[in-house]
């Protein structure tokens with residue numbers, strides 16, 4: 001059975017992103033979908049997943065790399081006094097983020113660069129240089145997109161071969177995981193950047209434009225996108241007519257992945273009330289405040305049509321900053337990801353399913 005999916009989008013979620021492994025294993029092994037994917041997009045942990053897949057690693061490789069990671073190392077502090085100074089004066093984050101950047105460069109990007117050099121895909125001298133978005137497209141034919149938040153301009157920013165072709169991908173993914181106050185923000189071109197999740201933690205609409213649709217039968221012009229087009233036309237009819245390929249449409253070729261607790265999933269499906277979180281100290285208050293901002297942004301961005309193109313992964317009690325997660329808990333989270341994917345396709349494959357994202361597969 002053939003599926004229309006060409007784009008995968010991953011929500012941010014820190015350590016919870018381990019759950020993506022199980023869902024992707026199902027897509028790769030059971031549905032044979034991954035080889036057809038052209039674009040990978042994500043925020044934070046989703047950006048890491050997008051990078052690894054965009055570089056051409058298999059899901060098995062992804063699983064092995066995450067298995068070897070000592071997540072606790074990412075909390076690279078200098079002691080309470082220096083950490084407090086960095087948090088309050090200039091650095092604006094408790095942890096430096098250097099260990100994470102080192103992991104991305106040496107454990108994720110470097111092995112691929114060496115492999116490509118050995119195969120003659122790139123020149124030998126290139127393997128020690130920073131890899132850019134444009135170079136990834138030229139080498140792999142795959143496109144990757146990361147979301148970051150520009151604190152200086154108060155806007156969400158997409159990093160890709162289209163928008164930032166010469167930017168090192170390692171720098172961009174470091175921006176995307178910069179949880180405010182937890183990691184230092186990145187200063188790029190004189191402006192401060194943090195985790196894309198602050199403004200768009202789940203960019204499922206990243207590829208909702210005609211130019212990203214490969215088959216004209218795979219998109220819908222929904223009422224909300226029609227209203228958006230009408231609004232733009234009132235501003236500049238010339239601009240709209242000159243950019244027909246940029247017109248927003250509902251892209252059925254996009255499949256998204258979210259990381260939520262069972263309680264949060266039940267709330268989104270309107271079968272439960274929101275859960276109250278205890279606040280006993282400043283850290284609890286700050287963490288819950290950040291969570292409120294992120295969830296609020298998610299609510300603004302999501303439409304009911306987006307839920308039917310989303311695999312909801314139960315995070316089984318794991319939080320975004322569970323850096324000391326046990327191997328047992330990792331396996332439980334991976335199993336939860338696989339179960340979520342299975343449940344999604346049970347619904348998608350149902351002949352009676354008439355949801356907007358459904359494309360009748362060819363046999």
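Here the Cβ of each residue, glycine as well, is placed from N, Cα and C on the backbone.
The domain 'PNPLA' annotation in TrEMBL covers 8-208.
In the predicted model, the motif 'GXGXXG' (12-17) shows an average pLDDT of 94. Annotation source TrEMBL lists motif 'GXGXXG' at 12-17.
The motif 'GXSXG' annotation in TrEMBL covers 42-46. Each residue of the motif 'GXSXG' (42-46) gets a DSSP state, and the totals for helix, strand and coil are 2 helix, 2 strand, 1 coil.
Per TrEMBL, active site, nucleophile is recorded for 44. Of all Cβ atoms in the protein chains displayed, 31 besides its own lie within 10 Å of the Cβ of residue 44 (active site, nucleophile).
Cβ neighbour count for residue 195 (active site, proton acceptor) (all protein chains, 10 Å cutoff from its Cβ): 27. Look at TrEMBL and you will find 195 tagged as active site, proton acceptor.
Within the same chain, residues 9-17, 20, 145-147, 176-177, 179, 195-197, 200-203, 257, 259, 320 sit at least 6 positions outside the motif 'GXSXG' (42-46) and bring their C-beta atoms closer than 8 Å to a C-beta of that stretch. For the pair formed by residue 44 (active site, nucleophile) and residue 195 (active site, proton acceptor), distance between Cα atoms is given as 6 Å, rounded to the nearest Å.
Under DSSP, residue 195 (active site, proton acceptor) is assigned to a strand (E or B) in the three-state scheme. Residue counts of the motif 'GXGXXG' (12-17) by helix, strand and coil are 4 helix, 0 strand, 2 coil (DSSP-based).
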